[in-house]
Amino acid sequence: MLDAATSIRHLLLLIASSLLLSCASQADVPRNNTQPNQADASPSYHCDSASLSSIESLICQTPQLAMLDRQLADVYSLATAKAHNEHPPVLKAEQQGWIKGRNDCWKSDDKANCVALNYQSRIVELQARYRLMESSGPFYYRCDNQATNEVVVTYFDTDPASLIAEYGDSVSLMVSEPSASGAKYQGQNEQLWEHHGEALITWGYQAPQMKCIKLD
């Protein structure tokens, strides 16, 4: 069965691939607080359609999920405006793929939670990738005391907090996770754990952990 954690790991894999195609060209913009009114409990699509999937019907019946759908629709519209110079144009195809993945939540034991996690991850991805929220950075981390071994990190004021890290020719979106100390961010196969200007960074499946220092 497809649980929520598996759904999000699969989604992060899609995010990592898409970030390689387009992220660096987007300029920072002020915070975008795109938040639907809770009183409007309908999603962005028509709920009276006879062709709705079971998950789309669930969204229509669940006000919290309908709100997330409307929020994503607003964020997607802003991202589309920022993506007009993308070559190749990938955002529309990615969104169609994301919808298919969201609808696969019918396989989950907790369908509503699976859908909510998919929406939250997609919203964060688009807000960070297209610089729709306030950001800080880029910051440079020198790893394992090697001058040429650097990770470049930009932090985004999304909810939850996120970052985009660049290492060599690869890019990773990471999302904050609870941590006993410092700030911990997790991607598909990457992790950054920062505390007082120092960071432990893992890049790649079963890759060794790097000890990194933030440069002034």
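Indices start at 1 and increase along the chain as displayed.
Positions of Cβ are set from backbone N, Cα and C atoms, glycine also.
According to TrEMBL, the domain 'C-type lysozyme inhibitor' annotation covers 141-208. According to TrEMBL, the signal peptide annotation covers 1-27.
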Summed over the domain 'C-type lysozyme inhibitor' (141-208), the DSSP helix, strand and coil counts are 0 helix, 40 strand, 28 coil
Note the mean pLDDT of the domain 'C-type lysozyme inhibitor' (141-208), expressed as a whole number.
95
